[in-house]
Amino acid sequence: MPEATLTKKIIIAIDGPAASGKSTTAKQLAQKLSYTYIDTGAMYRAVTLKVLRDAFFEKIFSDELFLKKLLSETEVILKGEKVFLDGEEVTKDIRTNEVSSKVSKVSSLPLVREKLVEYQRNMGKARGVVMDGRDIGTIVFPDAELKVFMIADAKERAKRRYAELKAKSPSGDPGVTLETLEQEILQRDEDDRTRAIAPLRKPDDARELDTSKMTIEEQVAAIYELATDVISQLK
């Protein structure tokens, strides 16, 4: 497609379970389209990091007034690929296995979702964005012009997360076994699917993409083709 036709901007919503390749693919797709990439998962991870650091994890589930005050005093900002929590860069801190194991529980809280969904909608309302998460196509932007639901085999997702943790560890030790990661991913899937607020589900009008045997480059190319098709049909 000629580049001139790509000047029309759309919202691309990419949803799917943990470690299905959403964030890396969405980031590279945004670069290819010259769009803004919005990592909604990083926002939920930042809030999760805050409650874990301050030992408030249990309290936020039993004291709504406390949670409301905590959220009113919490600022999450995305600047490119960097994530800031209350003025501190936490880009690496939010990717620990501890945060990964707790984020689904924290993001199930209505007050947390309400605050972050409002922020996400404000960021994307100008269009020209690629946003990934669990409920982008169903809750945040149900009117997105392109919705993609990425899936992958749990074993493959565990391998990806294992390689990611290993690469980020100074010692090369991921600090967790592959088997444990697979169990945690399966548990996270269950938590995401069964939570009362904004459960993980494929939007009726989403294109499903199984990434189990796909490289990141192939994933980006597949969604780029879908995006250009959608843009070409805009009047």
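Cβ coordinates are placed from backbone N, Cα and C, and glycine is handled just like the others.
Secondary structure at Gly16 (ATP binding site), as computed by DSSP, is coil. Under a cutoff of 8 A between CB atoms, and with a sequence separation of 6+ in the same chain, the neighbours of Gly16 (ATP binding site) are Lys22, Asp132, Arg134, Phe149, Met150, Ile151, Ala152, Leu200. Annotated ATP binding site per Swiss-Prot: Gly16, Pro17, Ala18, Ala19, Ser20, Gly21, Lys22, Ser23, Thr24, in sequence order, evidence recorded as sequence analysis.
Sequence-distant neighbours of Thr24 (ATP binding site) (same chain, 6+ residues apart, CB-CB distance under 8 A): Ile216. Within 8 Å of the centroid of the Cβ atoms of Gly16, Pro17, Ala18, Ala19, Ser20, Gly21, Lys22, Ser23, Thr24, where the record puts ATP, the same chain has further Cβ atoms from Thr25, Asp132, Met150, Ala152, Arg157, Thr211. There are 27 other Cβ atoms within 10 Å of the Cβ belonging to Ser20 (ATP binding site). In sequence order, Ser100, Arg157, Arg161, Ile185, Arg188, Asp189, Asp192 are the residues of the chain that are 6 or more apart from Ala18 (ATP binding site) and have a CB within less than 8 Å of its CB.
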